[in-house]
Structure formats: C-alpha cells, structure tokens
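Peer 1: Got a structure for you, questions after.
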Amino acid sequence: MLNCGADWLHMDIMDGHFVPNLTIGAPVIESLRKHTKAYLDCHLMVTNPLDYVDPFGKAGASGFTFHVEVSKENWQELVQRIKSKGMRPGVALKPGTPIEEVYPLVESENPVEMVLVMTVEPGFGGQKFMPEMMDKVRALRKKYPSLDIEVDGGLGPSTIDMAASAGANCIVAGSSVFGAPKPAHVISHLRKSVEESQQNI
Ligand SMILES: O=C(CO)[C@@H](O)[C@H](O)COP(=O)(O)O
Ligand SMILES: [Fe+2]
C-alpha cells in the first residue's frame, strides 16, 4: 500500500470488549515495524487505552488514537503518557458521541493532535459511510483550521467528496482500497479530492 501511494498505515486495534471484534495488538505492530519506517496510525478500540500506551510505544507505533467514550476521566494523563513515549496522540469518537466532547482535548494546554471522526460504528470494516457525520467534520474544521481531522469507515471514490469538502484531511480507506483491482488509482483519487477541497477553502 505504501508503494501504491499511501502516506500512513492505519492499524485497527480491537479488544473484543469496547467493540464486538478482536484484532491485533502490540506484537503485530512490533513485527511490522521491523519491515518499515512508515507512519503506523494506531486506532485503539479498547476499553483501557492507558494499558496499551507503553507496549505500543515500545512496539514502534507512530500515532496513538484512543476513544473519548472511555477516557473521560483520564485523557490528560493519557495524552501526556502517549507523548512521553514519542507517539502522536489522537482522539476518536463514535457516531453517537457529540462532537463537543472532544473540544476540551483539542483546546487543552497539552492537546491531542488529531481528531478521528468515525463514519461507521467501530468494530468492522466494509460498512456503509454515514454522511450525517459530516456535520461534525464541518464544525471541527470551522473551529480548528489547521487540525488533522481523520475520517474512518466507508470511505472510497463514491464518498470521498463529502468528507473532503467538509474539511477532512486524513482519509482511512480499507475495503475500497484493498478490494480494488488497482489500489494506487483509488488512493490517488482520494488524495486528489482532499487536495482540491483544500484549495477551495
Ligand atoms: O476502525 C474501523 C472500523 O472499526 C475502520 O478503520 C474500518 O476498518 C475501515 O474499513 P472500511 O470501512 O474502509 O472498509
Ligand atoms: Fe479504524
């Protein structure tokens, strides 16, 4: 995928508790890190993200994005620990979570550096993009012109323009890229849409 033009590799970490699915953990990140210097964008769909910070830091994760729904009490400690391990902190929110919940994390003296707006219910790839989530992206972009805003779930050639014009600049795409006969073409289409929207802002 890097050879096809991807900037980052998005790693979905699921604990079988925060979401009804189980995927990979730090050992897989560590194994992958031996083969690439790429930015490993880790999306932690786990109930206790604090327990994962040290192992992911050691494994070589680049970004560590935790969910706001399970971090209401300890996000400040989480952000501080993530940064101390040399990773970039991000916060994610599920479709049912109001966008206002992430504002304090972006406006903190020790802020998160990315907001991940889920455009499907977390847990599985291959689901349908929820266009109504674009109101969240628009609200974030209006308030924070230079923030990294990531969208995740159901992104592909038929949905990218909605996300890009709302102001998203980090695009996660699973099925649409991995299922394409020519992944490079899809990646280039997604990138062009984001670049064109940025020029129009
Ligand atoms: O975090 C998640 C799902 O929980 C996502 O990263 C999806 O796995 C993306 O897959 P597609 O929706 O693009 O197939
Ligand atoms: Fe994800």
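Backbone N, Cα and C atoms are what each Cβ position is placed from, and that goes for glycine too.
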Peer 1: Looking at TrEMBL, which one out of His35, His43 binds divalent metal cation in the same site as His10, Asp12, Asp152?
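Peer 2: When TrEMBL describes the divalent metal cation site, the candidate it includes is His43.
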Peer 1: Using an 8 Å cut-off from the Cβ centroid of His10, Asp12, His43, Asp152, can you name the remaining same-chain residues around the divalent metal cation site, in sequence order?
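Peer 2: Along the chain, the qualifying residues are Met11, Asp41, Cys42, Thr65, Leu116, Val172, Gly174.
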Peer 1: Rounded to an integer, what is the Cα-Cα distance in Å between Asp152 (divalent metal cation binding site) and Gly123 (substrate binding site)?
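Peer 2: Cα of Asp152 (divalent metal cation binding site) to Cα of Gly123 (substrate binding site) measures 11 Å after rounding.
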Peer 1: So what sits near Gly125 (substrate binding site) in its own chain, CB-to-CB under 8 Å and at least six residues off in sequence?
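Peer 2: Listed in sequence order, they are Asp12, Gly174, Ser175.
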Peer 1: Would you identify which of the binding-site residues His10, His43 has the most other C-beta atoms lying within 10 angstroms of its C-beta?
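Peer 2: Going through His10, His43 one by one, the largest Cβ count within 10 Å is at His43.
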Peer 1: I need the CA-to-CA distance for His43 (divalent metal cation binding site) versus Gly123 (substrate binding site), whole Å please.
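Peer 2: About 11 Å separates the two Cα atoms.
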Peer 1: When you measure from the Cβ of Gly154 (substrate binding site), how many other Cβ atoms are you left with inside 10 Å?
Peer 2: 23
